[in-house]
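Asker: Following this message is one structure expressed as structure tokens.
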Amino acid sequence: MASDPSSPADNDSCEGDDLEDVDSAGEDAEVTGSGSARKRVSARTVLTGRGVTMAMLLSDGILEPGDACLSIDYLGQKFVGDLLPNGKIKWQGSNRVFNSPSAWAIHCKKMVNPSKKSGCGWASVKYKGKKLDIYKTIWFRKQRGANAPSPANTDESMEDEEEEEEEEEGKKEEAKKTEESATKKEPVAKPKGNDSQPGGAENRHDNSRPRRPVSEVTGGLKTTSAAAPLSLSLSGSFRVKQDVKERPSVKHTSLGSRDPDQDPNTLVEYSHFSALGKMQPFTMSITTNCLLLMDFHCHLTTSEVVGYLGGKWDPASQHLSILQAFPCRCRLGDKENAIVVEEEIRQGMMLRGLSLVGWYHSHPHCQADPSLRDVDCQMEYQVAMKGLGATYQPCVGFIVAPFPLSEPIVESAIQAFWVMPPPEHKPHEYGMPMSMNFTAIQDSYLTQDVVNEMKWVSDYYSGAPDFLFFKEPWHQDKTFLEKVKGSLAKKLPKDQVSGQLLDFVQSLLVTQQGQEKQTSR
């Protein structure tokens, strides 16, 4: 069932991408000689600055090779590379070697924004904190004399200035969206109850878990995000017996620019990479244990639930492995308790050697299409969970729809999505939610972590006004309990195909509710 983890990006050739750095035939810079490797440069190159290469700047002593001396900052993401003695660039995120600044820059930018088609690497790549075009100007003046003007009036320099303006505009827009999101959304929280260890009905609102899921621990990664704070800033509040009605989804193309009067709960249809003539930026797999726990969590209540996803990111193959779900046993609307829960999850991920790779939430009564609020949240998380230093790490969102009114089917709809940033020349548009394909990997056995989480999360919601009564009818002749068991049956590990886990689910939900009724009497 495993998918081929080869990266679509690896199929892109790095050679020949740096067209703006290469002049016409016969006029390119030529490096000859031995020892000091003295350089001969054409008159046109010295006049305009075109045709300058990293090797030329190295050979003239403008630059020096070194580790982690090159960097790219783009839409909140940072990429770090080594400058090799031959003038090529080795990206520390995957150890790939690029022939030129532009080849490396466009590759990294497409990972963040697949719609990115071009850009000048000399304006995007920094050497020891300063843009490379500054060092190109130094080289130019050295060739022509200290009083010679810099090639600021060339086409390339104009492209550099445009690139800088675009990047600054992109950064400002991301900061603006983050600020807007922060003012609109509140972290999740839990209802009142005992904070003792999980156990009987009296402990059902417990918010403690053995300290266990965020560390950037995958092979080859040199930094960790263990200190990076988690932040679920979803808006909403505790809702009981809410009025539900079918909600149609709109196409992204109909949204236009951001409108303060636009309902943030508007659902948006997914776009597909194939329809845009693009490839998915990375491949994904998720374990059945992870899907099982997500689905179970989302079935427990008529209100939205949220959780985090732990896994590993392989930068060499550009493959994201989602290995474990971490339900948030807290309610929407309580900032104080959300902080406690998120810290516990972060510590738990660290102990398991997992990275924070995404999040999930439920749409209890509507389809698994994201709302505008979901789109903004996902875009914010893609920036916040990007990795540190030399590493780039993607973040994905999952939406689980257990009881959609439009299509009452037994198995929950589970959709993975990623948001493509708006075009740089249209920064005020909404990001585009992209459907992400993933492969489900069947686990060999049910882990104790999953069993514990199922107990704790059901204890947490048990007795709450929005906790489902699983013996009540769901659709036609099926009860809610049959619906839950039917959906989970498609996600069982190999050692549970006999149905033992489903019997455990039944005893966990129905027996517990029987005890609640007895207590209430």
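Here the Cβ of each residue, glycine as well, is placed from N, Cα and C on the backbone.
Pulled these features from TrEMBL for this protein:
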COMPBIAS  1-11  compositional bias 'Low complexity'
REGION    1-37  region 'Disordered'
COMPBIAS  12-30  compositional bias 'Acidic residues'
REGION    145-224  region 'Disordered'
COMPBIAS  156-168  compositional bias 'Acidic residues'
COMPBIAS  169-193  compositional bias 'Basic and acidic residues'
REGION    242-264  region 'Disordered'
DOMAIN    284-419  domain 'MPN'
Asker: If we skip the immediate neighbours and take only residues 6+ beyond the ends of the region 'Disordered' (242-264), which ones have a Cβ under 8 Å from one of its Cβ atoms?
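Answerer: Distal contacts: 184, 235, 271, 302-303, 364-367, 369, 371-373, 376, 405-406, 426, 428-430, 432-433.
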Asker: Suppose you look only at the domain 'MPN' (284-419); what would the mean pLDDT be?
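Answerer: The average pLDDT of the model in the domain 'MPN' (284-419) works out to 90.
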Asker: Tell me the residue counts in helix, strand and coil for the region 'Disordered' (242-264), as DSSP assigns them.
Answerer: 3 helix, 3 strand, 17 coil
Asker: By DSSP, what is the split of the domain 'MPN' (284-419) into helix, strand and coil residues?
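Answerer: Going by DSSP assignments, the domain 'MPN' (284-419) contains 42 helix, 46 strand, 48 coil.
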